């Protein structure tokens, strides 16, 4: 790249996804590199929520459970997410949080592998994944053990004690991508099941759940799916596992919820993985984000994401040499999700100082700066602009302020 | 009541709560008697949600977790609900569904009573309550038994095998009110804990959780609290039980969620009963409903509710005699929650036919018609209007249509 700016402008000019940026409400000048934590607001969401509130709730009132499709929203939106992830109709529902869905998927898998004592994961998995495993262990009365090993030791640890392996496909810090098909095959070879956490995959990388013969998966609605803060998450269960026992056996997972029967009887299909009354307003916002993602070509999304990452890594090299950034994401785009992460001793302060130059990035303890790359609303030229602003912060040492040193609870 | 209409008009004219009706978006002419299933839309909700979407999410983006108070919303709204229910600050969080919160409260109680094998409830409890018990039993590997007995046998069944009693204070069908203080005392006398389901109590009857020495409680945000369809529910844990082990040990219940530690360490206070990322949009709508309820005097709400119920029961007597309605709610207002329910062999068809005369009531299988009484937006005169319209439906037998016989999944 002899003249990065004109190269990037040319890439933007021929970008088949360029038109999507207008579908988001983003302030001019802002560089938002945190769509891997909270996706930007689709412009259509405000009107959709206003309709859900004023017409469906306000006018339709209780009749909207049928009349406005509220009762079928978890399965309807699940079917749409399925099209993004290589799953079939009736294999995904949208509901509850990712954490709650991890619990459902793990306990469902345990019900299919009675007598096997181990839930396996990697020690550096996103914390809530491991925490949910530990909660199951604590409640199991000694029957189940939550075991974590170093990331590279996962496959070696697989044996006939393992009931279920819980892995995140795209690592939340490094962005490293796991080989879903290969690891699933290795786990299934010892009779174990796999729960894939797709929180950093959905809408970010190409996923083919049934192509990989996946067992279960969960994922997040508020990152690359742009479903809004605390959006409902989703759960995938391969059709062959629809006989699993739901532990969170709430009325919306019942075969006949409105018969008000005394005993639980799980719905025959994916609906058995629902629990309580669905979060209608959150689902309405999520559906807008999912629809928007569905209107994009995922292969183009992935290609742009990798290319943006390659460019960013290239442009950051001088700052790595001069200002102590250390790339912790894979350089190979195929092995990297839709983010580029650096370790830096002043990572926290730098993320704070970047806000003053209208860059929102993301810090993860102890020293990681993450740049989330969202092909629907970022431009190639933004990569050069970003590196420019980071360079200014570094050269002027504007991060070196007392007020940036006090770490807040959430960044 | 020699002249019911003028009596009711006089009651409305002197009703201290009359002004609240204007705070709700209700179409003129509609009689909405289903606020016990889905509360009406507060007028302020649309603007609040528009703000949460366009400003907090759209402009504030990820910074709104701190800047707009998203991260503290579950505890903040919990503290507001606590003021409605006689709980202290830091004893309630708003999050997840009622079903999920039942699971949390039951398993927390079980962790405090190790070795006791029984979760006890009544057979006619709201189905999801019993279903969640059955899910715990299925997962417990024989350690825990879900036991249900006839409603009047609850106290007799309490013994030292019982770890936890799960009861709904106001019965979802009959509206019968349980004596929270007395039953709690009886359960605690044998060393058991009690989880109260307040779904039909919150915002409907006066509740004094700490006055009753309650252990745990859960409740629903979308009924009398007018929090919107599928609104987040809430969980109460008395301060003395904040050492209980959360089984749904997600990252938002961690003592330091953003330290991304490898091992779960429960937050010291009520936050340990959070699990996944909070549903921000649902919480925003819920807070409007809770604020509105807080601005009313609960003693006045309860008084009006009982009086409306007494009036309705009185005015319905001719229809009971002539058209087969059978009151299944207590006649005594003190013993009755904020609803009046009748059994009728054509209950389903009548509820359908009432829609044609602009009455929305509620059917519960097999034959129950429920009229929810919501003092914030119903008028005394509505009771006479309602009975009038029911009378028309009965006299003209307008319910006797083939299309009313096919029961839909949700009513």
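Glycine too: its Cβ is placed from the backbone N, Cα and C atoms.
Nobody curates TrEMBL annotations by hand; they come from automatic prediction.
Per TrEMBL, these features apply:
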{"type": "BINDING", "residues": "B:98, B:99, B:126, B:127, B:128, B:129, B:168, B:197, B:200, B:222, B:251, B:277", "note": "pyridoxal 5'-phosphate binding site"}
{"type": "MOD_RES", "residues": "B:223", "note": "N6-(pyridoxal phosphate)lysine"}
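Overlay of TrEMBL annotations on the structure.
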residue	record	contacts (Cβ under 8 Å, 6+ apart)
B:98	pyridoxal 5'-phosphate binding site	B:128, B:197, B:199, B:218, B:219, B:220, B:233
B:126	pyridoxal 5'-phosphate binding site	B:168, B:172, B:197, B:199
B:200	pyridoxal 5'-phosphate binding site	B:36, B:168, B:169, B:170, B:171, B:172, B:175, B:220, B:223, B:224, B:337, B:338, B:339
B:251	pyridoxal 5'-phosphate binding site	B:257, B:276, B:277
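Binding of pyridoxal 5'-phosphate is attributed in the record to B:98, B:99, B:126, B:127, B:128, B:129, B:168, B:197, B:200, B:222, B:251, B:277, and the widest Cα separation among these residues amounts to 30 Å.
Note: none of the recorded positions B:168, B:200, B:223 has a C-beta at a distance under 8 Å from a chain A C-beta.
Cβ neighbour count for residue B:168 (pyridoxal 5'-phosphate binding site): 25 (other Cβ atoms within 10 Å of its Cβ, all protein chains included). According to DSSP, residue B:251 (pyridoxal 5'-phosphate binding site) is assigned to a helical segment. The residue listed as 'N6-(pyridoxal phosphate)lysine' falls within neither a helix nor a strand when secondary structure is assigned with DSSP, and so counts as coil.
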